[in-house]
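Reviewing the structure listed below.
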């Protein structure tokens, strides 16, 4: 598709491109234009040219699907009139999303293009804190009066529906307070004279404007909502969050968790849009902290120089031991962090998780210890410089202790972080590996000095 | 809420419980009943008793929200008539979800309870492969004929709409082939005599019955669909996937990715529903593989016994070196795996990613090397047993090589896995740490023998 359009563009066959665009979904057109921008396959003036080939009634939709760099490039190319047409057609929450990514001068142009009412609403939404329900909501919903009949409601929806983001769910308000909710189907299937208040559901689940957007998104998975009303402290309805924004939040938060769990400071941009310098900046802090913490393990090793002077082969098990401890720890911490994110593991389950992990650790550690002992006895059987049974015993005991310890630490730390209102995701593999390393080295050398009777 | 209901249950005040249930959302009632089951707070017969207090028209919804253990317990307590009522009211895709989790005898009872038409459809959906679009679709959608007028369409929706899972999106078929799509709002706002074929959108995005469900779910985030039509090879419409099922798939797949990236075999059940034995089974395979691979590093260490006999302090840097290599690797592999899952990184970006990671690695490694050199010189400044400048040089060079190498390996392996049609997630931190460990140990000792002129 990309190459076809590129060919047509070179031949200046705009009519054919226009027809191709007409047959495509808006999200696909956006992805295609995006590709032109990212791959620098076109001259600077050609992207606006391509965009102008779009039908007026889909242009705003396509625009909303693009990433902020491409949007900015287009805005700078738009005339004031073009920008105004786009802003008029955009859903309010999309406009706010775009504004949040733009530099001040572009924001000023966008806000200037909006009509007075939209401008007021944009400013209202921008006032909510960054991660709140208010910041991701839209004020474009359809509200009904409880005394409407079904027929009156349908007429009202016909009148205002086309410019609202969603009409599948309708809200009933009284003095701006939310009193009920119903679906478009409820109205369509009702008798003409049925009163809205008789067919609406009056137990409405709402969220506060200041509620954390991650929590709001999780309510969508729980209740399978299409949209969720947002109310202020006086229970006055101020907007709705739609499911597509909730899906975006879930995706964003998951990416953030992945980053944090790999000791990377989360980035707002995608992998390629983040510069090399920012990538390095996002990673270096944790690398430094973890590198310096690891010197503690080094200090322990130094303390036991006499041990590996006496039995040099001991040193060769350090890496296996710390690797196994790290892996066991990351298994547990990942499962616990994900379990908490999904709401499967709650704070009151602390001891239940500990007890479960303790038994899992015991099972795993026994198997690992046995396999390890067999391997050591097989390899060092004929070696006169070391007693293979003592060696097998020492290493296997150290493995057992390390596995149990690492799994217990790895379930305690994320839950403790949550208790302290920190993000559990930072207590993931890298940090736990470093802590477990220190412990396992200490255990191993202590055991070795006892078993091999090293002074 | 839980304690209130428990109190009322003890007092046998069923009327009050019934009223509480009536004011609650179905998902919340399900969570409450679930809690009664999980916490064993009630006698075995009391859960069905509580369930029977529910209004008939919400009972099936509540049932669909519960987990499979609780569902099975209830099914076993139901009379045939009760089960039939529930199955009648359930959406077809929910019934199939339930069936997939049940043992054969329970499945037989459920299928027997369904009417002939539903039974046929259940069997049809069950025939699709486990991870296909067909297996998560429902056959309960509303289809229209293209020659209908808007008024005829509305009458038809009034007639059949209440028992279909979604009517927000309507499908136009001709000889069972899908020819168009439109929303309920399109029909509501059309003139009574407008023809469906004139208001429908005829470029319909569809998925094949055998399409991977993860890909299907990703289309929901891309296009913000409420539902997506599923067609067979002859483009005949066979069902729809609804957005709530897509959200479940995304959540499931993300959890699977988290598990794999922590070297845990994914589990179908939640953390607590998975037994200690299964947890251990899911974790032990990778632990064994990684433990045994780590012996390679041990072998390298053994080969260089002369090196750390000459300069014992060298050993104390092994853990820091392998830790730093592991952390750098997991940062990169996590970002690349997540980037591929989100479609931000594609196969053709292979060299672009390598080049970016190379530069990031260079930046990070220089900083780490400098900080490390300063620390070593400060600590070993007055130590006569070792030349602190040689030591600082050796360790810092080894860090730089390890960081660059680990970041390059960590972006190559996940992408190579994808190329080989393996899941990139298995090429995550644990495996990479083990590989990098071996390399960094080799680099370090090779450098050390040269710098310290060890024979």
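The backbone N, Cα and C atoms fix where each Cβ goes, and this holds for glycine too.
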Can you dig out which of the ranges B:313-340, B:425-452 TrEMBL describes as transmembrane segment?
B:425-452
Recorded stretch that, among B:358-380, B:392-413, B:425-452, has the most CB pairs under 8 Å to the transmembrane segment (B:284-301):
B:425-452
Short question: which residues 6 or more past the ends of the transmembrane segment (B:392-413) have a Cβ under 8 Å from it?
314, 317, 321, 324-326, 328-333, 336, 353-354, 357-358, 360-362, 364-366, 368-370, 372-373, 376-377, 380, 427, 431-432, 435-436, 439-440, 443-444, 447-448, 451-452
Under 8 Å between C-beta atoms and at least six residues away from its ends: which parts of the chain pack against the transmembrane segment (B:425-452)?
256-257, 260-263, 286, 290, 293-294, 296-297, 300-301, 303-304, 307, 310-311, 314, 317-318, 321-322, 325-326, 328-330, 333-334, 337, 387, 390, 393-395, 397-398, 401-402, 405-406, 409-410, 413-414, 416-417
